[in-house]
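Step one of this worksheet: look at the structure below.
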């Protein structure tokens, strides 16, 4: 070893020891004939002092981020010179030898200053030397280890599934890899290990997991990555409660890493209730401000805007004091989300109603509105009217925005809930409008994916009543973030083929794309279910990071670009010819 001790491990009890440290020069300070450096390694920082002779002369050439090895004696710092902000603040190392292991060029940014994201990603190897980013990756390693420990106790088997497979419709576009030995044909990088883990259940593995790399060629969305990581699990001979129980044990172990005792079992809320009360399927439960249904209250209204399939409201406490410019800003805020605007009523200090909507209400409506929605004098009532899904989504977004503006969200709180009783299908046009890919050519598509089992009471009727069919599915939400989703799977060929048919995937197409799975179901497939956790998002939450990029070693920037390596990049004409990208695949029999 080139060092005897870690820089962050030294304490006053080590005084008098000869040590060898190795790391980077975090700071250098010249105090008139004495040079101090903060020497940083993965464990922390120690102060090193160069006082005289050749070692002092050598220290004059040190600059930030030089990689060095230092020999010296641990000394207790003089009284008054201690640094209580760091664990090693009571000692310093009096250097007797200095070796420069690697010089550093002038830095593109100072590591202890803020830097732009593009520069940080281009020089990610420098960015990771900083305490925050480096600490996040080390936490990620602990997260992996904690999950593996729980799963080992439950006899799970860690199995790697292929990362080059065939393209199958799973809800997003595939990344494609040309097959050189079969010109015109392509592998696909997996969007998830879904089909392989189900095949492993058919194979009798019973309990599988994998920390899996997944790939989705999606249009750019904020804080999405084209390649990401899941903790993927599957279990045979289980129901939803069994999968949820193991999942909660994992979550409890993960949050224990940051000193939080997660109480289990976690609460559950149905999808319908989440949409009704919070306007979203991933509700943030750290604060109140629930939506209020107003359709019946305005059943006889003459106000045409409120003669809609859905009318709802959310109250902004103290919002009546907002100036007109701020209220107009809410309209722009709503239009940015595809709405025409955000109707509002102001409740005066004396209880009278004001604003442009109030004059369109009857006396009875004005008299009873505040009580119906739970508004007090000085509050603002925001409304949405129209199709239920989009109107609730607008109010749900307004609820979050209100909470942010009023500082109602406790940043230290953790609020978990399972969302259960999901619809099995949604209209394909609704999925497309929401930015998702509607799998299949039918009018209906799967809300989760095509392999989700219907609940028992919906199994016989989902093809005649798709709107009312419920899925045996469950998502886990933390602080308004979906951090995992799973379901009991279909394990019978006839049920799977009926689901495909509902989605417009007819027999021949299903056999071509999923025949291997359908065939497997004919060989005694066990009931099974599982879940996949968004590992990047979970780690970001634990690290208190706003973006998943902060917990990924080498993330992509917006649009999937990699400033570090310059990927994606053009290929050479020779590579294009050899890969067979432009070749037409041979037809059967040719």
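Backbone N, Cα and C define each Cβ position, glycine as well.
These features come from Swiss-Prot:
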type	residues	note
BINDING	216, 217, 218, 225, 482, 534, 535, 536, 537	ATP binding site
COMPBIAS	575-590	compositional bias 'Basic and acidic residues'
REGION	194-197	region 'Aspartate'
REGION	557-590	region 'Disordered'
SITE	31	site 'Important for tRNA non-discrimination'
SITE	80	site 'Important for tRNA non-discrimination'
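Sequence features annotated in Swiss-Prot and their locations in the structure.
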residue	record	Cβ contacts under 8 Å, 6 or more apart
31	site 'Important for tRNA non-discrimination'	none
80	site 'Important for tRNA non-discrimination'	none
216	ATP binding site	172, 173, 175, 191, 226, 228
218	ATP binding site	172, 173, 224, 226
482	ATP binding site	281, 282, 475, 476, 534, 537
535	ATP binding site	143, 211, 228, 229, 230, 231
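Secondary structure of the compositional bias 'Basic and acidic residues' (575-590) per DSSP, as helix, strand and coil residue counts: 5 helix, 0 strand, 11 coil. Secondary structure counts, DSSP: the region 'Aspartate' (194-197) has 4 helix, 0 strand, 0 coil.
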